[in-house]
Protein chains: 2
Amino acid sequence: MAQEQQLEVVNNGRTERTGWLLNSPDPPGFFHEIFSSTRRTILPHGTRNHSSLPKKSSASKAFSFLQGLFPILEWGRNYRATKFKRDLMAGLTLASLCIPQSIGYANLAKLDPQYGLYTSVVPPFIYAFMGSSREIAIGPVAVVSLLLSSLIQKVVDPAVDPVGYRRLVFTATFFTGTFQAVFGLFRLGFLVDFLSHATVVGFMGGAAIVIGLQQLKGLLGISHFTTKTDVISVLKAWYPLNFVLGCSFLIFILITRFIGRRNRKLFWLPAIAPLVSVILSTLFVYLTKADKHGINIVKHFKGGLNPSSVHELQFNSTHVAEAAKIGIICAVIALTEAIAVGRSFASVKGYHLDGNKEMVAMGFMNIIGSLTSCYVATGSFSRTAVNFTAGCETVVSNIVMATTVLVSLQLFTRLLYYTPLAILASIILSALPGLIDINEAYNIWKVDKLDFIVCVGAFLGVLFHSVEIGLLVAVVISFVKVIVGSIRPSTEVLGRVPGTSTFSNVIQYPMATKVPGLLIIRINSGSLCFANANSIRERILLRILRLLGDENEENGKDNIRVLVLDISNVMGIDTSAIIALEELHRELVSRGIELAFASPKWQVMSKLKLAKFVDKVGRGRFFLNVEDAIDVFFDPNMSASALHNC
Amino acid sequence: MAQEQQLEVVNNGRTERTGWLLNSPDPPGFFHEIFSSTRRTILPHGTRNHSSLPKKSSASKAFSFLQGLFPILEWGRNYRATKFKRDLMAGLTLASLCIPQSIGYANLAKLDPQYGLYTSVVPPFIYAFMGSSREIAIGPVAVVSLLLSSLIQKVVDPAVDPVGYRRLVFTATFFTGTFQAVFGLFRLGFLVDFLSHATVVGFMGGAAIVIGLQQLKGLLGISHFTTKTDVISVLKAWYPLNFVLGCSFLIFILITRFIGRRNRKLFWLPAIAPLVSVILSTLFVYLTKADKHGINIVKHFKGGLNPSSVHELQFNSTHVAEAAKIGIICAVIALTEAIAVGRSFASVKGYHLDGNKEMVAMGFMNIIGSLTSCYVATGSFSRTAVNFTAGCETVVSNIVMATTVLVSLQLFTRLLYYTPLAILASIILSALPGLIDINEAYNIWKVDKLDFIVCVGAFLGVLFHSVEIGLLVAVVISFVKVIVGSIRPSTEVLGRVPGTSTFSNVIQYPMATKVPGLLIIRINSGSLCFANANSIRERILLRILRLLGDENEENGKDNIRVLVLDISNVMGIDTSAIIALEELHRELVSRGIELAFASPKWQVMSKLKLAKFVDKVGRGRFFLNVEDAIDVFFDPNMSASALHNC
């Protein structure tokens, strides 16, 4: 007993720690993990704790449920007139930018202009009640408009069958909303993450160039519609008067933006410039009767409230599968933009945005939108920035904006008859530079070359083939990157960082010290599996053979006695890898080299125990950290024979 | 200066260590890695060191090159008569097992029996000169024979066009050899690893059952050939006399095997039992003229040396693409079996087998085989075990075996005319139980449930569809498993393990201690990327929000002040993940919580520096290990303001 105690003192509790490692409780089993991960995915977080709370009355329960669904019930109670004043100003600024943009984007979506305005009325209202972002500006956006038209015109040509085209747009919008709501309800928000940052940067850039080339058509005054979105079919003849008018106002808008950037107080100038352009150019055409001289004008413009489109949805047509497919693509793209926008502003203001709740809100706003003649709405990056700069406090600015658009629809739409198409093109064109983020692409190149390939893949795919192919290419490259990164066999030799018990890469830290006769190798692959275990085994063995046999090594011939394998980075191991480790063990034993394992992860340790690998190698060969492993082999108080009794 | 020195003493060199971390040399860049990994793959290892060796004469260089290609030149010089005696015994034992098996497997490959014997002559000779395994027994094997016939008879029906079928077999064998040699020369050996242990176990089991059901046909005496390998089309009528004969000898073989297992000295009994069965049954049929009474016999049997098959190879036919496709499948399967066999025996004897060299040897033996009327040969598991047990010393036992088969081909084949087909079926059937490894399948189930799914996928795919589909299913599941395992968002809370500076999972080590006001979270995903970074960010944030707000936590409300993020396990990071970390940082700052990073990996640190993330968060927030990070925040000598000056 006394001797045992002394040994305990000598080895500083190492034996006890090895005991902790070997006898730690079992990690959650496979089925338990599947179950708990499903539960965590389906059920909202925090459910676990609710059971221990004092029971609420059912009325108060219902109210807190409603509060969860409609956040307005929560913040609405603290809403004050001072806040409203700021929201009112922001909302009016937003509306002045939103009206011309909506008309332009409807044009991009190959719909009549009023549908863009409709989309700026109903979805913002719904979102105001259900959403939790305070800054996001809801409405039609350029990329989704392009996406919708490029996907749907493959099924129905809007020039040939405009009614059928519109019906398919509403049906696709309904599916978009449904998918978004389902993503949110079943907490599948991670699906949106599959579009990586690099994908989004490349995709947005490609889409912006495609939109730009399409809009050049409007600016040049070409009236012929093409159903394709690629570069070549868009470049056609031009008509000078439209071009001069469009360019003049494009320059005007760009100058106001430049001024707005130089002087923060004049932020409203670029925001109202598009509306001013529309009013001025419309007046110009009306007064000079320029439409008789070749200026293309909007013409079709139906005013009034959003009409119902319930009967326009088609669920029994042959196109329903197409509509669902388009719906899922639009759902993901729209959510990607909205959540990126919402989250970045939420983190500036320091509140937390629940992605899944946002998806439910977006879903419902699009479902109800599809029943009231709206197409897919989402959070617009440029308008959200304006809303934020204009000092919005809550989502009430969206309500103000929607009301303003509604009033305009009732009163002023008749006046938009003479609006030149070239102006709409110049408004859309002026919004595009914000989508092409060359700086960010350069940053991606600097930080991660493979990510840059993803970015370029998305860009070129969208530009030269189609939106879907661009996204598919980027997602596939992204996942191949994950696989390659995970199974790349990577090992590093460790040394002790002076003054610590940390062991680090000896190339990264040249000051790290090695112990003669000892080799510490860390496996740097998260998953030690069939695809890399043999390469890693071979690498380790070759390094040892070289050290043993090669007299040309810098340090001269090193008589390696012990190999400590730091497997702290190995998060998962499969049966092929365990067999490779067994082979490595046999190969080392036959060369008289001791093998020890340091810092195995919980799941890995459990699998090694289940596979009887721990018993084969010896229970005393597993250590909590590298230091303990070294101490055992190089501690004069601990004989090698004691090792086997551990 | 003095004050500085004192600070140095107080913080135990921590500042210096942070400097090491931040100023470590750049890791190898992207292009350098691509280049060096390509070089490492293409060029054999050790090239780097050769330049520093004293220059050899060109003759000695040529000799050492030849030695690399033909290992026999190396070990042949030390070959002694005592070794030959043991090799002779092993070779003869091997031949007695090999002759009946070869005839049976040729039948399985739907070729005339002599082709099986041819395949046991040329490939073993070639391998003996080029291969480096000492125990492996080369020749036809059951699974590859099945694979070849099941793939080729989809293109040419052997019953309709036996010559065309045979030509395609040789062409496919040629491609098999070519692919194997290319894999070896370009060091693509890792491709073979894509068939994981679980895949191989499932695949072998499925193939064995398919072979067994096919052979039942021979045992039952059904002469009708079916071109399909699935279960149902094989179960047909039967003929009793064949069955009785086949079963009797099957029972005889199984009994000898049982005896051989009980008494290690009688290992030769099961090895020669098949040959004895063939001789006895052939004599029986010859003497009783049982072939007139419905016993099916071999009949076609051409004796003599391997004829040339150079002119049978077809490279300009329409089937060449098919042959190449079949070749690559056979190449991978044959290599998988051979390398698994070779490596497991090499590790028992304690020598190292170079996988790529083995592939070159296998490739050449199959290329030359395809020119001399052989079909695909590889290392047989059952015969290698017999060779090993019989005490072989070198690959000379293969030469002995091949010579014996050659002599038999010359002298005794005429006698095999009367061999009953049922005996061949019973020999193949007796080899099948070794392929069905239920124990191993159970072990896989115990250790890794997902690996078991891979195993079952391969098994059911082969059994109910086809060989290719079975393999495809298993490989796809294996890779999905790698992806899911790598991107699964996983975090754990750490505490200090008493008596060490190691921080471990507090659930795994309940004795680990936490510091009040401090939360240490480790990210347990090897790749922090687009697919999991946001989920991880959200998880961490929710945990903090719960700790801050929830009064029902066990420890009561904990006023978290500092979050230390241990990113030691993160081996790769992409731009999406860096953005997620930036958001996390902003969210924590807005809640007044300090964020520090511990133990970043080299590549990760370099990317964080390139992305300017280190500057945004503060250079003093990155630490070599968790302990240093804690010391800074909880050390009274180090004020918070000093932190920002680091």
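Note that Cβ sites are derived from N, Cα and C of the backbone, with glycine treated the same way.
Automatic prediction, not curation, is the source of TrEMBL annotations.
Noted in TrEMBL for the protein shown:
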type: TRANSMEM; residues: A:88-108; note: transmembrane segment
type: TRANSMEM; residues: A:168-186; note: transmembrane segment
type: TRANSMEM; residues: A:198-217; note: transmembrane segment
type: TRANSMEM; residues: A:237-259; note: transmembrane segment
type: TRANSMEM; residues: A:266-287; note: transmembrane segment
type: TRANSMEM; residues: A:326-346; note: transmembrane segment
type: TRANSMEM; residues: A:358-378; note: transmembrane segment
type: TRANSMEM; residues: A:384-408; note: transmembrane segment
type: TRANSMEM; residues: A:415-436; note: transmembrane segment
type: TRANSMEM; residues: A:456-480; note: transmembrane segment
type: DOMAIN; residues: A:525-633; note: domain 'STAS'
Average pLDDT across the domain 'STAS' (A:525-633), rounded to a whole number: 85
Beyond the flanks of the transmembrane segment (A:198-217) by at least 6 residues, Cβ under 8 Å: 108, 142-143, 146-147, 150, 226, 229-231, 234-236, 336, 340, 425, 428-429, 432-433, 435-438, 440-441, 444, 448, 451-452, 454-463, 467, 470-471, 474-475, 478
Best-contacting stretch, by C-beta pairs under 8 Å, relative to the transmembrane segment (A:88-108) and drawn from A:326-346, A:384-408, A:456-480: A:384-408
For the transmembrane segment (A:326-346), sequence-distant contacts whose Cβ falls under 8 Å of one of its Cβ atoms, 6 or more beyond its ends: 133-136, 141, 143-144, 147-148, 151-152, 172-180, 183, 189, 191-192, 194-195, 200, 352-353, 355, 358-359, 362, 366, 376-381, 384, 388, 467-468, 471
Listed stretch, out of A:168-186, A:237-259, A:266-287, A:456-480, that has the most CB pairs under 8 angstroms to the transmembrane segment (A:384-408): A:266-287
Sequence-remote partners of the transmembrane segment (A:358-378) [C-beta within less than 8 Å, at least six residues beyond its ends]: 69, 106, 109, 111, 115, 118-124, 126-127, 130-133, 138-141, 144-145, 148, 169-174, 176-185, 189, 192, 306-310, 312-313, 330, 334-335, 337-339, 342
